[in-house]
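Below is one structure, written out as structure tokens; the observations come after it.
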Amino acid sequence: MAAAAGPAVRCSLWQRRSLRCGPGPRPVPGGGAPLRLCSTQAVPQAGINKPVIDRIIRVDHAGEFGANRIYAGQMAVLGRSSVGPVIQQMWNQEKDHLKKFNELMVAYRVRPTVLLPFWNVAGFVLGAGSALLGKKGAMACTVAVEESISEHYNNQIRTLIEEDPEKYKELLQVIKQFRDEEQEHHDIGLEHDAEATPAYSVLKTAIQLGCKAAIFLSERI
């Protein structure tokens, strides 16, 4: 994670107006100096397009929640295999993404989707099911999901820029960083022979159709 150094603490890149640094060190994924724990402050609601922001944060929270469950399912099957550390590394980043969107849900006063219990089960089943196809199957799932998420984040970036890039500067910064990290996961999947999975195109298309349906529903309910 990129971080900006200060005289006494280091806070992650997106922690600007919406976060306040507090006591207690937080380990940095991958090593390095610890970050201070940060607490979320409420974001002023006046002047923002509340329906748009609610929809963005709700669906992104649901997406990161689902991604965590997918990687949990993959680790349950492949955690002790040679690809386990690679999956764990990607999962660790998804945990950070979910933590950030949990904070944004509070800061922007957004309710979560009512479908979280369903995504909890569906995500784990998808992750475990793809892993049962082998390491390549798990990576094919990663490619399909992360490609969908990256495209989704790009759409949100365009929406926020059209709304007011200065007003939504911090949120744009978060989404851009997460988009880049999801794209890295996509590329890691390709590097680990995702495309060599039997019926790769069929599997990828089916997973991406499911992702589109999940995005549509989570934005609205």
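For all residues, glycine too, the Cβ spot is worked out from N, Cα and C.
Predicted automatically and left uncurated, TrEMBL annotations should be read as such.
Residues or ranges marked as Fe cation 1 binding site in TrEMBL: Glu64, Glu94, His97, Glu182. Other Cβ atoms within 10 Å of the Cβ of Glu64 (Fe cation 1 binding site) number 23 in total over all chains.
Under the heading Fe cation 2 binding site, TrEMBL lists Glu94, Glu146, Glu182, His185.
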Quiz prompt | For the Fe cation 2 site built from Glu94, Glu146, Glu182, His185, further residues of that chain with CB within 8 A of the site's CB center | solution = Ala67, Met90, Gln93, Thr142, Val145, Ile149, Ser150, Glu181, Gln183, Glu184, His186
Self-check item: Distance from Glu94 (Fe cation 1 binding site) back to Glu146 (Fe cation 2 binding site), taken between C-alpha atoms, in Å
Solution: 11
Quiz item: Quick one: which residues besides Glu64, Glu94, His97, Glu182 have a Cβ within 8 Å of the Fe cation 1 site's Cβ centroid, in sequence order?
Solution: Gly63, Ala67, Asn68, Gln93, Asp96, Leu98, Ile149, Phe178, Glu181
Self-check item: Length of the line joining the Cα atoms of His185 (Fe cation 2 binding site) and Glu94 (Fe cation 1 binding site), in Å
Solution: 10
